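Record features, source TrEMBL:
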type	residues	note
TRANSMEM	20-42	transmembrane segment
DOMAIN	133-374	domain 'AB hydrolase-1'
ACT_SITE	Ser213	active site, charge relay system
ACT_SITE	Asp339	active site, charge relay system
ACT_SITE	His368	active site, charge relay system
Amino acid sequence: CAMDWQVLSLYLESQVRVGLFGSGVGLSLVLGFGVAYACYYLSSIAKKPQLVASNDRFCRFLEEYCPVVTETYYPTIWCWEGRVQTLLRPFITSRPQVQYRNELIKTADGGQISLDWFDNNDSLYYPDASTRPTVLLLPGLTGTSKESYILHMIHQSETLGYRCVVFNNRGIAGEDLLTPRTYCAANTEDLEAVIHHVHNLHPSAPFMAAGVSMGGMLLLNYLGKTGRDTPLMAAAIFSAGWNVFESVESLEKPLNWLLFNYYLTTCLQSSISRHRQMLEKLFDMDLVMKARTVREFDKQFTSVMFGYRTIDDYYEDASPCRKLKSVGIPVLCLNSVDDVFSPGHAIPVETAKQNANVALVLTSCGGHIGFLEGIWPRKCTYMDRVFKQFVQAMFEHGNKIFSM
């Protein structure tokens, strides 16, 4: 019986192979699906980004020295959808090894800020530390210098010979809170202190900044406040939330709440829980820890900490779209229109056209800090390439923007 069953199994298996692939039907189905998918991908997914800029000279500068912003972006063919890119990026991308030098600086209110330096003392292109170009990096809402996207930016900068310093928001990089205050997207006091500290240490070094997600929002709000009165020569912004009202509304949709909002809220709560003894002097921490959305957390904690009368007042002040007209240095902003953290309809395209210093690069896919490309997108993303080309363009050819 056992032998008969084996013979029957082999016969049936051979008939399946013959029936599907021997006759060509199965192979035709596979090839047909593949061709249809490839056509859909090439016609609807792989596209050139939209470059929005009112200044023709800025556009020509980018086309010549930062050509990646005009080339077709080919998202990873098996995970191009925005939510999927957002979720997979932290797990897929590599984590380059970076050795930091930590520095704690004091603030005017008695607090402290943790800075992580990558000095790049082995730089072949800029052996003189006093004139070595410096990039200030601002991570996202609960991010630190250990985030993979920050490590990749440092790796890109290292190959170009630049120095980097990462601005860790108060209380999230392992340092103690000395005062009952953390951070928010609207308050730029700590960023101003860091920028002037870094500039005073290296006054002869060209100086740029790059902000990601909330770090980009904070940087834009700073630039909108200071205009041209800043030591920074230029800035790069990635996946910033332009309108906070629209961002939280998008994140509160059922699927987005399940995938992102609840997790992000728990991350915020975790970031302050170790400082509970300091913070409970001013806040009802039990109520704060009951928040189930970012909006609830901001209502009970962030807006109260920074003295806003209502959560709407805070969100209005934190939205960079309201300050974009006042930016006074060249800024390149990369967003994907399928980013649930910053919906495409909320990107201030018309406002950007009114400021000659601003250029928007809008991709059709990429999600939030995703921008994966290639079959196995482990080592480099589209965002990394935009960062590398833009900082190199500004440091090495920035003086040509207004002469082209």
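Numbering starts at 1 and runs along the chain as displayed.
Cβ coordinates come from backbone N, Cα and C, glycine included.
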Inter-residue C-alpha distance, Asp339 (active site, charge relay system) and His368 (active site, charge relay system) (nearest angstrom): 5
Cβ-Cβ distance under 8 Å to His368 (active site, charge relay system), same chain, at least six residues away: Gly82, Gln85, Thr86, Ser213, Ser239, Ser336, Asp339, Val340, Phe341, Ser342
Integer mean pLDDT for the domain 'AB hydrolase-1' (133-374): 97
Number of Cβ atoms other than its own within 10 Å, given for Asp339 (active site, charge relay system): 28
Number of other Cβ atoms within 10 Å of the Cβ of Ser213 (active site, charge relay system) across all protein chains: 26
